[in-house]
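Q: Here it is: the structure, laid out below.
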Amino acid sequence: MDFSLILSGVVLGLTAGLSPGPTQMFLISQTVQHGVKEGILVAFVPLITDVPIFLLTVAVLSQFSDVAPMMGMLSLIGAAFLLYLAYGNFKITEFQGKQAGANPGSLRKGAMTNFLNPHPYMFWLLVGTPMLIKAYQTSGAIVAGSFLIGFYSCLIGMLAAIAGIVGKSRTFLKGKIYIYTLRCLGGLLVIFALRFVRESLRFFGVL
C-alpha cells in the first residue's frame, strides 16, 4: 500500500481547510451571525459540491479542449455572488443573535459559494483527478478511497475546528465589535470577488 498517496490526501485536506478563501470567510461569517452549528454546516459543503464539480470537470474536459471561457464566466458569476454575500454583512447594523424560526440558509449559500468558485474546479482539473487516477492505477481502489477519506476528513475537520474556535469567541462579539467583525469579513469577501474578476479577465485573455 502506497502510504505517500494517503498522506498526500491528508496534507491537501489540511492545506485546503487552512487556506483563506471565500468558503472559509463565509463559514466564519455564518458562525459569527448564527452560531457554531451553522458554521459546521458550511464545513460539510465540499461533500455536497465536489462530486458534481468533479463530474462537470471530467465532462467538460471530454468535450472541449479549451475550458478557459467556462472558467472565466464562472469566475464572473462567482464574483457577483460574493458581492451579494458581502452586502449582507455590510447592511447589518446591530447584534441579531440567534433568531427563532430564522433560516440562515448556510448549506444553500455555502454550496453556491463553492459552486461559483473556480478554485475547486482547478484543483480537480490539475491536482485531485491526476492523483486519484494515480492512486487507483498504482495501488487500487482501497488506496484511492483512502486518499479521498484522508482529504475530506482533514478538510472538513479543519473547517469545523475553525467554526468551533470562532464560536467560542462569539460571546465577546457584541455591539460595535460584532458590526466591525462582520464588516471586515464583508471586506474580505469583496477582495475575493475582485480576485475572481481578475482571474476571469485572465481566463478571457484580457490580462
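Cβ coordinates are placed from backbone N, Cα and C, and glycine is handled just like the others.
Whatever TrEMBL says is automated annotation, not expert-curated.
According to TrEMBL, the record shows the following:
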TRANSMEM  6-28  transmembrane segment
TRANSMEM  40-61  transmembrane segment
TRANSMEM  67-87  transmembrane segment
TRANSMEM  118-136  transmembrane segment
TRANSMEM  142-165  transmembrane segment
TRANSMEM  177-197  transmembrane segment
Q: Give residue numbers and ranges for long-range contacts of the transmembrane segment (142-165): same chain, 6 or more residues beyond its ends, CB-CB under 8 A.
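A: Contacts with the transmembrane segment (142-165): 1-2, 5-10, 12-14, 16-18, 23-24, 27-28, 31, 36, 39-40, 42-44, 46-47, 128, 131-132, 135-136.
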Q: Test the contact criterion for the transmembrane segment (40-61) and the transmembrane segment (118-136): 3 or more CB pairs under 8 Å, pairs 6 or more apart in sequence, then answer yes or no.
A: yes
Q: Can you work out which residues elsewhere in the same chain, 6+ from the ends of the transmembrane segment (6-28), have a Cβ less than 8 Å from its Cβ atoms?
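A: That would be 39, 42-43, 45-46, 78, 82, 85, 109-110, 113-114, 117, 119, 123, 127-128, 131, 143, 146-159, 161-163, 166, 185, 188-189, 192.
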Q: Residues sitting near the transmembrane segment (67-87): Cβ under 8 Å, six or more positions beyond its termini, same chain?
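A: Beyond its ends, the transmembrane segment (67-87) has Cβ neighbours at 22, 26, 29, 60-61, 109, 112-113, 116-118, 121-122, 125, 186-187, 189-190, 192-194, 196-197, 199-205.
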